[in-house]
Ligand SMILES: NC(=O)C1=CN([C@@H]2O[C@H](COP(=O)(O)OP(=O)(O)OC[C@H]3O[C@@H](n4cnc5c(N)ncnc54)[C@H](OP(=O)(O)O)[C@@H]3O)[C@@H](O)[C@H]2O)C=CC1
Ligand SMILES: O=C(CO)COP(=O)(O)O
């Protein structure tokens, strides 16, 4: 692939731009603040998000989105889920015709309850097969440090997914393709909410049995939602499902898990938000949209419901624990 634009120079946008560049693809990275673009251009470092990582020479940065988009074969969208619609609407006039539009965001839009690829299709006015999603166990800091990982490129157009796969394959990053966009996106969005629950459990002092139980039951409720929305059930056993769930729920690098941990230790939502230093913990908003989506499709998601109540209705995580344990007894695969 000749040239790729990455729009959004936070942790994952910057790390993914590095992955592309290290795979031999020329990349232009757009940062919304000129000082971030300047620091990358002059010092080869994103001082705000990945201060210890030297970025390769075939990665250039700009604060001018038109410049980044000019002639790009693929456009990677690396902004938070809840701002993607507004950002993309601004970029739409400059999107190169036919370019693959790639979402990195893991969330479900508040209000519309749309997945990110649905938002992209709607705002950019492109067909489903022009939109791809990259998702999997991909903690940005580890990838920026070139620690080996795998990921999934989901697109209904297999050839487009393969083209992107070539553009971002290297010695530390191994992308697989998948045509189940619905399942892959739901896996990425729902695991953030389950990671908040795991963080809460850790904050309350619970150990590995509790974590494993939340992860496994979290996967069960994610798969139930997936089934209702037409996802392939096997996707949830793969990198975009179980893989990302395990990485995010277990890692101290996860913003969602860390956020939940603060709530579990008794911090208020406002204090947890302050401690996030402006970095996005997508599950805090997506717990509400996913809960609504589940209700619309009559799907039972008790952990997601509880996380929503802790984050937005002031429920004490200890009360949530008691409520989850006190639910009506049932068979595991009911
Ligand atoms: N970090 C990770 O490990 C991974 C993240 N993801 C997903 O990728 C997406 C992006 O996350 P990530 O890069 O980590 O987020 P960060 O919080 O690290 O960075 C967010 C980026 O988006 C920019 N931004 C914030 N608000 C707006 C806005 N209103 N308009 C335009 N740009 C904005 C920020 O700019 P500024 O610096 O100027 O505020 C920053 O460049 C999320 O959906 C996340 O779930 C997926 C896999 C891994
Ligand atoms: O999506 C991620 C790892 O795959 C990053 O998780 P956090 O957003 O919780 O840091």
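Backbone N, Cα and C atoms are what each Cβ position is placed from, and that goes for glycine too.
TrEMBL annotations:
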type	residues	note
ACT_SITE	191	active site, proton acceptor
BINDING	11, 12, 32, 33, 49, 106, 140, 255, 280, 282	NADPH binding site
BINDING	106, 136, 191, 244, 254, 255, 256	sn-glycerol 3-phosphate binding site
DOMAIN	4-159	domain 'Glycerol-3-phosphate dehydrogenase NAD-dependent N-terminal'
DOMAIN	180-319	domain 'Glycerol-3-phosphate dehydrogenase NAD-dependent C-terminal'
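When each of the binding-site residues 32, 140 is scored by how many other Cβ atoms sit within 10 Å of its Cβ, 32 comes out lowest.
Overall, the recorded sn-glycerol 3-phosphate-binding residues 106, 136, 191, 244, 254, 255, 256 cover a maximum inter-Cα distance of 15 Å. Averaged over the domain 'Glycerol-3-phosphate dehydrogenase NAD-dependent N-terminal' (4-159), the predicted model reaches a pLDDT of 98. Only 280, from the binding-site residues 11, 140, 280, place their Cα within 10 Å of the Cα belonging to residue 255 (sn-glycerol 3-phosphate binding site).
Comment: NADPH site residues 11, 12, 32, 33, 49, 106, 140, 255, 280, 282; largest CA to CA distance 23 Å, whole number.
Candidate binding-site residues: 140, 244, 280. Those with a Cβ under 6 Å from ligand 1, in sequence order, are 140, 280.
Sorted by the number of other CB atoms within 10 A, the recorded positions 191, 255 start with 255, the lowest.
Using a 10 Å Cα-Cα cut-off around residue 256 (sn-glycerol 3-phosphate binding site), the recorded positions 11, 49, 191, 280 reduce to 191, 280.
Taking residue 191 (active site, proton acceptor) as the reference point, the binding-site residues whose C-alpha atoms are within 10 Å of its C-alpha, out of 49, 106, 244, are 106, 244. Between the CA atoms of residue 49 (NADPH binding site) and residue 254 (sn-glycerol 3-phosphate binding site) there is a gap of 14 Å, rounded to the nearest whole number. When the Cα of residue 106 (sn-glycerol 3-phosphate binding site) is compared against those of the binding-site residues 11, 32, 140, 280, the shortest separation belongs to 280.
Annotated pair residue 254 (sn-glycerol 3-phosphate binding site) and residue 32 (NADPH binding site), C-alpha to C-alpha distance, rounded: 23 Å. Around the Cβ of residue 11 (NADPH binding site), the number of neighbouring Cβ atoms within 10 Å comes to 22.
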